[in-house]
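See below for the structure under consideration.
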């Protein structure tokens, strides 16, 4: 009996060890995945389409997450081959783009919701937050209202070609700076630095978003004179650009928002930056993208900027939209952001709130349909 039990234990342990060994092998070596209809185009949906590969060994941890997060979309080997070959010339489909713009405007009055204005709020009015409980409020102060524009900063504005620049590590070494700077209007995300990365991301900035949490993360909540000087100098570099501050997304931004308001009042007239403070815009934006089967906890800043750009731009080019930890052109490891310090590990914290692979899948399909140009290869 005892020998029988020992045999059973040994058998179980053997199976466990075998499973672990197989898992290690699957993570280290190339992993062949059964073909799926990832990209809704005939090329990828055809019966003869190639098998898919999660081909980068350095990406093994992301592959493991595929089983934990159903929104994680593997990238096809054929897409990589397509990028490495001479890409087919992208053609703008103006009719499709105008149709999409009309659809967006049916859900979102972009011009009106781009920013609160002095006439749209009153002192003492209580603002709620898009992603927080309705019990949380922010009272509009006289100082806050004084910083609001008289009219929407994008009222009657129209641009031919706009660049929406995300912060993906795929921009590292891309040499896309000159191409981006040729755009008539450049959207950037989350106050991303450009000075040390101009060759890859350009220097031109017409609008950048500024999540209030940036003040805490990079400027120590302006607690010291040095912190305040650093922030002032960063703002001065914007030189007339729009600083788009989504202060009403989360109630946790309230204290930082008040710090920002005090700072801008203190330096009134010393900075050329244009301030824009959107109200509760996300309920409208979310409604549109939900119709496109995109409904994460939070949309990314990049796709939000695309939404805004659709109202004032005749053509939109996307850069830095690639949420994966490897370069599809070289198969080398990538940082999450192009400005991350060398050696910084690719992060997947975004999975808590965003569906970046699903967003990428949608944008890639839009690229194929000619609605927007999605740059995934080097520009020079």
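Placed from the backbone N, Cα and C atoms, the Cβ positions cover glycine too.
Swiss-Prot marks one residue of 24, 206 as N-linked glycosylation site, namely 206.
Matching 10-33, 34-57 against Swiss-Prot, the residues noted as transmembrane segment span 10-33. In space, 176 is the closest of the recorded positions 113, 162, 176, 313 to residue 322 (CMP-N-acetyl-beta-neuraminate binding site), judged by Cα positions. Neighbour density for residue 176 (disulfide bond): within 10 A of its CB lie 24 other CB atoms from the protein chains shown. The CMP-N-acetyl-beta-neuraminate-binding residues named in the record, 167, 190, 300, 301, 302, 322, 336, 337, extend over a maximum Cα to Cα distance of 16 Å.
Taking the Cβ of residue 190 (CMP-N-acetyl-beta-neuraminate binding site) as reference, residues of its chain lying under 8 Å away and at least six apart in sequence are, in sequence order, 167, 208, 209, 210, 211, 214, 301. A straight line from the CA of residue 336 (CMP-N-acetyl-beta-neuraminate binding site) to the CA of residue 206 (N-linked glycosylation site) spans 24 Å. The recorded positions under consideration are 93, 113, 206, 300, 301. Their Cβ neighbour counts within 10 Å are lowest for 93. On the 0 to 100 pLDDT scale, the topological domain 'Cytoplasmic' (1-9) averages 51 in the predicted structure.
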